[in-house]
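K.L.:
The following feature annotations were taken from Swiss-Prot:
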BINDING   10, 11, 12, 13, 14, 15, 99, 100, 101, 125, 126, 127, 128  NAD(+) binding site
BINDING   38  NADP(+) binding site
ACT_SITE  155  active site, proton donor/acceptor
BINDING   156, 165, 166  (S)-2,3,4,5-tetrahydrodipicolinate binding site
ACT_SITE  159  active site, proton donor
């Protein structure tokens, strides 16, 4: 396979660290630069626990793009920074794979239009784990037969956004196969505000944040005398790397924006 030159934004994070290791062990990936505002001017090898790579680190993406030629930006930063980075990448005509979440419908619409106008491949993935993508697909299938459903997502306590992008995407897919319905008793009252979680078209989403967790989600469907639970667990960040690899390889052949890994797997 032809060499793919990659910039990683957010190499110090746990996902970023796994992504650097992915670059090192994948023959056709070439990590040409990294972006980290705290370590501009250093090299990847200067960061604790990183492999001995001479890859330069830039303090901001704008400067990096001025000096480095790349094929793909892999962004694993925070929601706010990720939004800035993907906007800049699309405007510059640089393909990007975005692993941050928190995009609004309006932001996605604008990015989709710009990516189409610029004919630049872009993938925004709420979850890179193939198993999580299958969980979403299975939930979408089940929604045709079970109208009563709630979502519980559980993540580490350093996650900034709630609910997770995976939970939001799951509900979007479920709604495609489910008529609008308010889940629960029509006269139910929350004795404590937020006790029933977020409500999206009658589907309740509950977010758990605790140390010791990585990324987990279960979708619970209830019916007369039965219950169906679809669950996925990521026990470490290595579970996301197959999806990252697939996304980087796939985005090279795209000329538009794709939201969700489920849209690039068979």
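FYI, residue positions are counted from 1 along the chain as it appears here.
Quick reminder: no glycine exception, Cβ is built from N, Cα and C everywhere.
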K.L.:
Among the recorded positions 38, 155, 156, report those whose Cα falls within 10 Å of that of residue 126 (NAD(+) binding site); none is a fine answer.
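P.N.:
Cα within 10 Å of residue 126 (NAD(+) binding site): none.
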K.L.:
Counting distance between Cα atoms, which of the binding-site residues 10, 14, 38, 99, 128 is nearest residue 156 ((S)-2,3,4,5-tetrahydrodipicolinate binding site)?
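P.N.:
Answer for the nearest of the binding-site residues: 14.
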K.L.:
What does DSSP assign the residue listed as 'NADP(+) binding site', in three states?
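P.N.:
It is coil.
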K.L.:
Please report the distance from the Cα of residue 10 (NAD(+) binding site) to the Cα of residue 38 (NADP(+) binding site), rounded to the nearest angstrom.
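P.N.:
Pair distance, Cα basis, whole Å: 10 Å.
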K.L.:
Using DSSP, would you call residue 14 (NAD(+) binding site) helix, strand or coil?
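P.N.:
Helix, per DSSP.
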K.L.:
How many Å separate the Cα atoms of the residue listed as 'active site, proton donor/acceptor' and residue 166 ((S)-2,3,4,5-tetrahydrodipicolinate binding site)?
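P.N.:
Per the Cα atoms, the residue listed as 'active site, proton donor/acceptor' and residue 166 ((S)-2,3,4,5-tetrahydrodipicolinate binding site) stand 11 Å apart.
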K.L.:
Show me the subset of 38, 165, 166 whose Cα is within 10 Å of residue 101 (NAD(+) binding site); these are the binding-site residues I mean.
P.N.:
165, 166
K.L.:
Of all the binding-site residues here, 101, 166, which one's CB has the most other CB atoms within 10 A?
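P.N.:
Of the binding-site residues 101, 166, the most buried by Cβ count within 10 Å is 166.
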K.L.:
Please identify which of 155, 156, 159 has the densest Cβ environment, defined as other Cβ atoms within 10 Å, among these recorded positions.
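P.N.:
The largest 10 Å Cβ neighbour count belongs to 155.
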K.L.:
Quick one: which residues besides 156, 165, 166 have a Cβ within 8 Å of the (S)-2,3,4,5-tetrahydrodipicolinate site's Cβ centroid, in sequence order?
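P.N.:
My list of surrounding residues reads 101, 126, 127, 153, 155, 159, 161, 164, 167, 215, 217.
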